Structure formats: structure tokens, C-alpha cells
């Protein structure tokens with residue numbers, strides 16, 4: 001078919017490939033730490049090179065150290081450097097924790113609680129609050145013993161005054177005994193008087209007979 005103005009335009013063209021295109025598998029993802037790890041590796045390699053240069057410069061003064069670093073592989077040197085970094089971080093964290101603990105202890109010592117005054121129990125008579133602190137409170141057993149001793153002393157005084165029922169009964173019994181004794185004494189005196197009178201009568205009768 002001859003080409004003319006009514007011929008259809010050809011879309012596209014020949015396939016062309018770019019050599020600079022990077023495959024999708026090597027592209028870093030959102031959670032990929034590849035670039036960071038590469039940067040750290042490059043920094044570690046630079047520090048290793050500097051340490052190697054320092055070791056070569058000071059090989060005359062420290063040959064043993066140079067031989068030891070030369071025997072270590074790159075992985076071992078990286079592991080040693082990582083261990084040193086972790087040790088430094090742990091030491092810094094420990095120092096910060098110790099400082100915070102010491103600050104907390106100082107604050108606790110400065111803010112020591114002050115003793116609060118004790119409140120009087122309900123129903124207690126008002127008085128000087130310092131008296132309660134100066135004198136120790138009695139226990140329940142001691143208080144009961146003191147009350148019993150006071151009651152016993154009051155009863156003894158009332159008994160001596162004859163105001164208790166027991167004292168009244170005792171006084172009545174004593175009065176009865178006293179009365180009985182008085183009556184017996186009067187009876188014995190009357191009997192003695194009678195005996196004396198009878199003896200006098202007998203003596204007079206015997207005297208008359210003798211005459």
C-alpha cells in the first residue's frame with residue numbers, strides 16, 4: 001500500500017534500553033536501613049584507615065601493637081569498635097543515672113517530714129497539748145488497776161466512817177455483843193453480891209451459936 005496522506009501514523013518506536021536504570025530490587029524501601037549502614041561502614045572504614053596510618057607512623061615506638069592490629073581482620077576491628085561505642089554509651093547512661101539518684105536523695109533529705117502534733121481523742125477535756133506529749137498515756141490494764149485501787153480506797157474510808165452496809169451490819173453486831181457482855185457482867189456482879197450476903201449471914205449465925 002503506498003504511503004500517502006491517508007496512511008495511519010505509527011505509534012511508538014523501537015525499543016531502547018537505558019544502562020543507568022537501576023533494578024527495582026535494589027531500590028531502598030521505607031524501612032530499609034541500607035544507606036545508613038553503608039554510611040556507618042564508610043565512616044568505620046575511614047576510621048580504620050586513620051588508625052592504620054597512626055599505627056604505621058608509630059610502628060617504631062610500639063611494634064607489638066602494630067603487629068596485633070595487623071593480625072585482626074576488618075570484621076574483628078568493626079566488632080571491637082562497636083563494643084567500645086556500646087561501652088561508652090553504657091558508661092554515660094550509668095553516670096546520668098547515678099547523678100539522678102544522688103539528686104533524689106538530696107531532695108529527700110532536704111524535704112524531711114516534720115512531726116505533726118497529735119490530736120486529742122473525742123470527749124477528752126480540753127487542756128494543754130504539750131501535757132499529753134510530756135506524759136505518756138496509760139494502757140487499758142494500767143488504767144483499770146488504778147481505778148480499782150481508787151475505788152478500794154474510797155470504800156475503806158466509807159467503811160471506817162460507818163456509811164457502808166457492811167459497816168452498818170458490823171456496828172449492829174458489835175453493839176449486840178457489847179450489850180450481851182454488859183448484861184453478863186451485871187449478872188456476875190449480882191451473883192457475887194448475893195454470895196457475899198449469904199456468907200455474912202452464915203458468919204453471923206455461927207457467932208451467935210458460939211456464944
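In case you wondered, yes, glycine gets a Cβ from its N, Cα and C as well.
Per TrEMBL, the feature compositional bias 'Basic residues' maps to 1-16.
Here TrEMBL flags 1-211 as region 'Disordered'.
According to TrEMBL, the feature compositional bias 'Acidic residues' maps to 40-53 (among others).
Sequence annotations record features per position, and here TrEMBL assigns compositional bias 'Basic and acidic residues' to 72-89 (among others).
According to TrEMBL, the feature compositional bias 'Acidic residues' maps to 102-112 (among others).
The annotation compositional bias 'Pro residues' is assigned in TrEMBL to 114-128.
If you look up TrEMBL, you'll see 131-193 marked as domain 'Casein kinase substrate phosphoprotein PP28'. When the domain 'Casein kinase substrate phosphoprotein PP28' (131-193) is classified with DSSP, helix, strand and coil residues number 54 helix, 0 strand, 9 coil.
According to TrEMBL, the feature compositional bias 'Basic and acidic residues' maps to 138-203 (among others).
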Reported mean pLDDT - the domain 'Casein kinase substrate phosphoprotein PP28' (131-193): 85
